[in-house]
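Right, one structure below, let's go through it.
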Amino acid sequence: MLPVFRNINVFPLKHTNRPVNPFDLCHLIRIRLCSSKASAVKEFEDPEISHAEGSAVTISNQFELLSDVMTPLWKMPYDEQLRAKHNWSQSVVRMINERVNANRKEKRRLNVTPKIYHVKSSPVIMEYRNKDEFSIRNGADGHPKTVGFFIGSTASDNAVCVPGTHVITMREKHKKIAQNFEQYIRTSELPVCTDFRPGGGNWRRLIVRSNEEGNTLAVAVCHPQLLSQERLIEEQQRLKEYFTSGPGKDDCPQSLYFQACPHARCTNEQAPFVLLHGKPFLEEHMWGKTFRISPDSFFQINTQAAEVLYETILKQANLTPRSTLLDVCCGVGPISILAADRVRGCVGIESVRDAVLDAKFNAKINNATNVDFFYGLAERLTERIIEELNLATDIVAVLNPGRAGLDPRVLRLLYKCPQISTVIYVSCKADMPSTLKNFVQLLTEGNFKLNSVTPVDLFPHTWHTELILKFIR
């Protein structure tokens, strides 16, 4: 068995004999570990996380409690984590069976019996997160400008913000940038944002991303409230000086952005990302390909495990030179670009404008000349794109939506298209009711068969598991 903490130096937390219940712990995870593409969830409406065993968060126990919330399996050896995730994958298939047969008029039961593969493990299980989103609020010591992650509920005003100092899935560079940002905002006159209404404060959160080479990109997010443009520019300049020539210069990110966002979430179109220092993009490399990533673009949270994920998707898609790949929710285009050499052509759909710009750029620099990407909602674009693919003889659809799944109209268009005989559905939250509803729709209305389920562990030490579901007809 592979010990969780082999050859690493972590904070010596007190071990407990508390039993681990996977289905209870699933609901404890409030932090967006899946980095959903559909980021319309409002920060102040997130569901509550109970303090572990009802314990109050204190200076002495805060780090262990945060580890239990963010990495609930951190005390479990990795091979046991994989077995537990395999069992969870089986439970998802049972849920699908229950829902498929719940409203069937026929007396004969429809048995959904896919081949369930063993969980594909992550090549790296420590410090694998390439993106972290830090909140700002009262810490365990009562300081109102503590940068970290919530334990408790902001809606009921009992949230405590705990630094991610000892979270084993986070990269050290992310932690250092967050620590420096905390020191900076404690010198700033601007208060923390606790309410979107006027007078509710300014500092919102810090987003830190990095690539496998160790380059970092940070975005400081601030609610503008009634601040003048001159005051915002002044704060931007102070932040830049802090990181480029001040106390934070040793941990200065390669790219430093500032965003004045008046809502729970803002795209670059709604509130532009202002580049204060460095390069405008991160670059990541996979399979000899280069991918540009903008601050607003989605990219899988675990790069090395994403390579395993994409390799598995392309293998299961059974692509041929006659195939056309329809890549729904394509992000910056990795699946299409990696598949380009194997197929007749690829068409990607993505709802984030900057991600589409990245995808087009990525196709160009990787000489993927048979790939194109379109900006817009899948429910608005899919029909037109399928019509334009009327001469294609074999279309393979790869669906990679956020946690909420896809609009039923998209699935209806897919199963009405006679050229589509294979649908690869990639889900980071396969047990959500809306996602299960997608699966049932493909099986019942679409008359697809669930051929196989392959779990891929993109999130070691958590209950999150990426599932690849292959539907055929």
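Each residue, glycine too, has its Cβ placed from N, Cα and C.
Where the annotation comes from TrEMBL, it is an automatic prediction and has not been curated.
As recorded in TrEMBL:
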type	residues	note
ACT_SITE	C428	active site, nucleophile
BINDING	Q300, E350, N400	S-adenosyl-L-methionine binding site
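Across the structure, N400 (S-adenosyl-L-methionine binding site) and C428 (active site, nucleophile) are spaced 9 Å apart at their Cα atoms. Cα to Cα, C428 (active site, nucleophile) and E350 (S-adenosyl-L-methionine binding site) are separated by 17 Å.
Largest Cα-to-Cα span within the S-adenosyl-L-methionine-binding set Q300, E350, N400: 15 Å. Q300 (S-adenosyl-L-methionine binding site): 25 other CB atoms within 10 A of its CB, across all protein chains. Of all the Cβ atoms in the protein chains shown, 29 others lie within 10 Å of the Cβ of E350 (S-adenosyl-L-methionine binding site). All protein chains considered, the CB of N400 (S-adenosyl-L-methionine binding site) has 25 other CB atoms within 10 Å.
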